[in-house]
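**Student:** Reproduced below are the annotations present in Swiss-Prot:
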- 14-99: domain 'GS beta-grasp' (DOMAIN)
- 106-474: domain 'GS catalytic' (DOMAIN)
- E131, H273, E362: Mg(2+) 1 binding site (BINDING)
- E133, E216, E224: Mg(2+) 2 binding site (BINDING)
- E211, H275, Q276, S277, R343, R348, K357: ATP binding site (BINDING)
- N268, G269, R325, E331, R343, R364: L-glutamate binding site (BINDING)
- Y402: O-AMP-tyrosine (MOD_RES)
Amino acid sequence: MTTPQEVLKRIQDEKIELIDLKFIDTVGTWQHLTLYQNQIDESSFSDGVPFDGSSIRGWKAINESDMTMVLDPNTAWIDPFMEVPTLSIVCSIKEPRTGEWYNRCPRVIAQKAIDYLVSTGIGDTAFFGPEAEFFIFDSARFAQNANEGYYFLDSVEGAWNSGKEGTADKPNLAYKPRFKEGYFPVSPTDSFQDIRTEMLLTMAKLGVPIEKHHHEVATGGQCELGFRFGKLIEAADWLMIYKYVIKNVAKKYGKTVTFMPKPIFGDNGSGMHCHQSIWKDGKPLFAGDQYAGLSEMGLYYIGGLLKHAPALLAITNPSTNSYKRLVPGYEAPVNLAYSQGNRSASIRIPLSGTNPKAKRLEFRCPDATSNPYLAFAAMLCAGIDGIKNKIHPGEPLDKNIYELSPEELAKVPSTPGSLELALEALENDHAFLTDTGVFTEDFIQNWIDYKLANEVKQMQLRPHPYEFSIYYDV
């Protein structure tokens with residue numbers, strides 16, 4: 001634990017000039033306010049720094065816009081992308097009128113989830129290990145106007161560039177990963193080794209416990225970096241650093257990164273598989289003598305995730321693009337089942353050896369368009385509901401789900417086919433979130449209304465380029 005006094009001393013000792021205060025909005029994007037170093041003191045870590053919250057997506061109206069950012073001293077790190085020595089600090093949000101934590105602040109909701117876990121007596125720590133995939137592109141252009149709508153992506157690794165004619169200063173040297181064949185090739189096919197290495201080492205300098213990096217399955221520059229699991233809020237903080245570092249290192253190399261689940265048609269999308277477990281008094285609770293070495297509690301946790309999965313996906317897969325990834329044929333977990341080692345199931349129990357501390361489950365549906373604080377909190381609530389109500393997940397599905405007969409497949413529940421359907425499921429099933437006191441009814445309704453009005457309905461209003469291909473000459 002780091003104290004406010006230690007942070008203030010560091011500012012003086014390391015001659016920090018600016019303090020960059022970061023907080024996350026409802027949708028999942030970091031926002032920031034930069035202060036001169038003499039503008040914070042010990043009270044900033046308790047009373048907070050005032051700001052106008054009226055322009056933050058999904059937050060206050062303009063007539064009640066005053067809010068405060070409360071600095072978390074445990075999150076201070078030197079920003080490697082600022083020219084002037086700058087200390088970044090992550091904040092949670094308070095209501096200045098009441099002094100209460102703001103019920104729409106995702107980081108506050110995440111803390112409530114931990115408090116709820118402790119209050120149940122089930123455990124005292126929830127660990128999460130997200131694996132967020134992404135694409136590195138050389139160019140990304142898109143526009144939507146009254147008379148046009150398009151996107152154009154390009155990558156030096158794109159299989160579509162295999163026949164592209166080069167120039168004298170930039171010849172085509174081949175070695176493009178083919179569709180669905182991008183997993184683990186060495187250079188020169190993997191042209192992003194050095195970029196990923198810099199991303200990984202930069203994260204390490206910021207205190208993220210790094211593990212690995214590698215190319216992913218899709219053509220066009222799909223990659224993944226790995227970091228160690230952490231406590232719920234800690235892991236969410238690390239994931240935000242992960243995205244921040246990856247985007248900014250890519251920019252340094254003249255590249256651009258997206259965490260969209262399905263930017264490329266006809267190839268694998270990008271997910272964010274979430275490993276998770278509950279501990280108490282320093283001991284893991286998911287290891288036992290049941291299926292795949294799980295405890296009964298671990299199975300009940302799976303039961304909660306599977307029961308509430310359609311509603312959960314409105315939070316863990318919260319974009320219209322999410323459901324273009326969740327389709328058969330691209331290693332996507334479209335069927336709601338669990339299995340040991342079977343990556344075609346939506347929940348997998350990894351083969352983790354004999355160490356009980358490594359026993360965990362992996363929920364494979366989520367993607368990185370989710371807000372990690374909200375996603376982790378919602379998954380924990382669903383799992384706890386399974387434990388409290390002893391929701392058994394049924395028999396595991398150890399077959400390859402993609403090879404089941406139509407009759408067998410009809411018996412396996414599937415993920416919602418669209419964001420609208422997921423939001424409808426959340427509308428009908430959210431007591432497991434609100435009865436806990438973790439999420440408020442106000443937050444859930446605001447989330448549903450925001451997503452419907454600003455994303456679902458907006459997509460429905462606009463002509464799609466493919467519609468012209470199939471309907472123009474009717």
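Cβ coordinates are placed from backbone N, Cα and C, and glycine is handled just like the others.
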**Student:** Can you give me the Cα-Cα distance between R364 (L-glutamate binding site) and E211 (ATP binding site) in Å, rounded to a whole number?
**Tutor:** 20
**Student:** Within 10 Å of E133 (Mg(2+) 2 binding site) by C-alpha distance: pick out those among the recorded positions H273, S277, Y402, and say none if nothing qualifies.
**Tutor:** H273
**Student:** Suppose you look only at the domain 'GS beta-grasp' (14-99); what would the mean pLDDT be?
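**Tutor:** Mean model confidence (pLDDT) across the domain 'GS beta-grasp' (14-99) is 91.
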**Student:** Test of understanding: give the count of other CB atoms lying within 10 angstroms of the CB of E362 (Mg(2+) 1 binding site).
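**Tutor:** Other Cβ atoms found within 10 Å: 19.
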**Student:** Among all the protein chains here, how many other CB atoms are within 10 A of the CB of R348 (ATP binding site)?
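**Tutor:** I get 23 for this one.
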**Student:** Which residues in the same chain, at least 6 apart in sequence, have a Cβ under 8 Å from the Cβ of Q276 (ATP binding site)?
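**Tutor:** A126, F127, F128, G129, R360, L361, E362, F363, F376, M379, L380, G383 - these are the non-local Cβ neighbours of Q276 (ATP binding site), listed in sequence order.
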**Student:** Which of the binding-site residues E131, E216, R348 has its Cα nearest to the Cα of G269 (L-glutamate binding site)?
**Tutor:** E216
**Student:** Using a 10 angstroms cut-off on Cβ to Cβ distances, just flag whichever of E131, E211, E216, E224, E331 is the loneliest among these binding-site residues.
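**Tutor:** Each of the binding-site residues E131, E211, E216, E224, E331 was scored by Cβ atoms within 10 Å; lowest is E211.
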**Student:** What Cα-Cα separation, expressed in whole Å, is found between R325 (L-glutamate binding site) and E216 (Mg(2+) 2 binding site)?
**Tutor:** 15
**Student:** Once near-sequence residues are set aside, which residues in the chain of S277 (ATP binding site), 6 or more away, have Cβ atoms under 8 Å from its Cβ?
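**Tutor:** S277 (ATP binding site) has long-range Cβ partners A126, F127, F229, P284, L285, F286, G298, K359, R360, L361.
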**Student:** Can you give me the same-chain residues 6 or more apart in sequence from R343 (ATP binding site) with a CB-CB distance under 8 Å?
**Tutor:** E331, P333, R364
**Student:** Using DSSP, what's the helix, strand and coil tally for the domain 'GS beta-grasp' (14-99)?
**Tutor:** 13 helix, 35 strand, 38 coil
**Student:** Check the Cα-Cα distances from E224 (Mg(2+) 2 binding site) to the binding-site residues E131, H273, H275, R348 and tell me which is shortest.
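**Tutor:** Of the binding-site residues E131, H273, H275, R348, E131 has its Cα closest to that of E224 (Mg(2+) 2 binding site).
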